[in-house]
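What TrEMBL lists as domain 'HIT' is 4-112. According to TrEMBL, the feature motif 'Histidine triad motif' maps to 96-100. As annotated by TrEMBL, active site, tele-AMP-histidine intermediate applies to His98.
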Amino acid sequence: MPSIFTKIIDREIPADIVFEDDTCLAFRDISPKAPTHILIIPKREIVSLDDLNDEDEQTVGRCVMVASKIAEAEGLTNGYRLVVNCGSDGGQEVPHLHFHLMGGRKLTWPPG
Ligand code: DGP
């Protein structure tokens with residue numbers, strides 16, 4: 001079952017897209033929790049970290065590389081956080097693997 005993120009990939013619903021290549025798409029979170037809050041997603045429909053296969057290794061690596069490049073492009077020179085929520089205890093709401101890139105303010109630890 002395609003998630004809302006597949007609809008963003010397919011341009012069926014709008015999003016503020018900041019980066020795209022053959023593997024990943026990155027767009028601003030609709031409900032930002034920090035001044036910069038961008039979601040990096042694989043175009044492949046992977047539900048969560050629990051669903052990764054060996055063949056996803058390059059895809060996941062590419063998403064992390066893209067996150068780092070976007071952080072630089074966004075000027076997050078003081079640091080940032082890259083978060084993946086997994087499953088219900090992890091707080092995952094959208095069943096399509098995504099990396100939250102958050103920065104632009106001091107982030108607290110531990111998260112709630
Ligand atoms: P998570 O709880 O880890 O599954 O985070 C899902 C994030 O996705 C949440 O921060 C809000 C964001 N989100 C949900 N629907 C949309 C949407 O339609 N557009 C955009 N840009 N972000 C969305």
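Numbering starts at 1 and runs along the chain as it is shown here.
Here the Cβ of each residue, glycine as well, is placed from N, Cα and C on the backbone.
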Field: Residue distribution over DSSP helix, strand and coil in the motif 'Histidine triad motif' (96-100)
entry: 0 helix, 2 strand, 3 coil
Query: When you measure from the Cβ of the residue listed as 'active site, tele-AMP-histidine intermediate', which residues in the chain that are at least 6 apart have a Cβ under 8 Å away?
result: Phe5, Leu39, Ile40, Ile41, Val84
Query: Using DSSP, what's the helix, strand and coil tally for the domain 'HIT' (4-112)?
result: 33 helix, 25 strand, 51 coil
Message: Restricting to the domain 'HIT' (4-112), what is the model's mean pLDDT?
response: 98
